[in-house]
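Participant: First the structure, which I've put down as structure tokens, then a few questions once you've had a look.
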Amino acid sequence: MVLALAPLSRTALAPPRAAVVLQDPSSKALDSTPPVFSVVEDTVPVPDPPNFSPNAYVQTLPGISGPLGFFDPAGFCGDNNGADGSATLGKVKFYREVELKHGRVAMLASLGFLVGENFHPLFGGNIDVPSYVAFQQTPLQVFWPAVVFVIASLEVFSVFTFEDPNVEGWAIRADHEPGTLGSNNRRWDPLGLAPSDPAEFKAMQTKELNNGRLAMIAIAGMIAQELVTKTKLF
């Protein structure tokens, strides 16, 4: 959530499809010269690894908005965070993926708190308890394993978006666009709401991030209040 800093954008996150091109392995120049990276199509260029600045890169992504602007007080994406003195592209993408997923779950949880405590027709309508303990009710104890199985069936595809741990642990592959499903960068947009204009799409991504950040704070507050009061919040 700290990544108010790492915004998403179709262009900024395009390094996936941005087809990173290496020199021809058969080239003799490769023996003495480090691989040169170039970007194809209209994407934000990814600097050569030795010159990569995570602090500068995240500021090209969506999610930066007032009044705080670029917000990274813990310095996760600072230029002095990695083993070699700075965070990497894969690590920055990992942070963004984490922020997006937590924000989306928090938005659903916040809505669930409000709806579940007012309308509970399922399981005979007998689950009328504060949301923070609702999962302990007997019908839900039988129901939740099925929910977890369905979620796990989708989430397992995330495994293929990670960098080889032998190369770098807890890092997302450079060709993956955070927030999409699986290794094919499938964007879930059943209503076709995503605009085709890159600037408008980046603005929509910023809205999603900001709503997700607010929801993470909100759901934490809701749970804390019910833990203290032991009563329903809504």
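Cβ atoms here come from the backbone N, Cα and C positions, even for glycine.
TrEMBL: automatically predicted annotations, no manual curation.
Predicted, not measured: the structure shown is a model, and the values here were computed from it.
Here's the feature list from TrEMBL:
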- Glu99, His102, Lys207, Glu208, Asn211, Arg213, Gln225: chlorophyll a binding site (BINDING)
- Arg104, Glu163: chlorophyll b binding site (BINDING)
Participant: Out of Asn211, Gln225, which of the binding-site residues has the smallest number of neighbouring Cβ atoms within 10 Å?
Facilitator: Gln225
Participant: Expressed to the nearest Å, what is the distance separating His102 (chlorophyll a binding site) and Glu163 (chlorophyll b binding site) at their Cα atoms?
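Facilitator: Taking the Cα atoms only, His102 (chlorophyll a binding site) lies 20 Å from Glu163 (chlorophyll b binding site).
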Participant: Radius 10 Å, atoms counted are CB only; among the binding-site residues His102, Arg104, Lys207, Arg213, which position scores highest?
Facilitator: Arg213
Participant: Per residue, counting other C-beta atoms within 10 angstroms of the C-beta, which of the binding-site residues Glu99, Glu163, Glu208 reaches the highest number?
Facilitator: Glu99
Participant: Return only the integer: C-alpha distance in Å from Arg213 (chlorophyll a binding site) to Arg104 (chlorophyll b binding site).
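Facilitator: Given the Cα positions, Arg213 (chlorophyll a binding site) is 9 Å from Arg104 (chlorophyll b binding site).
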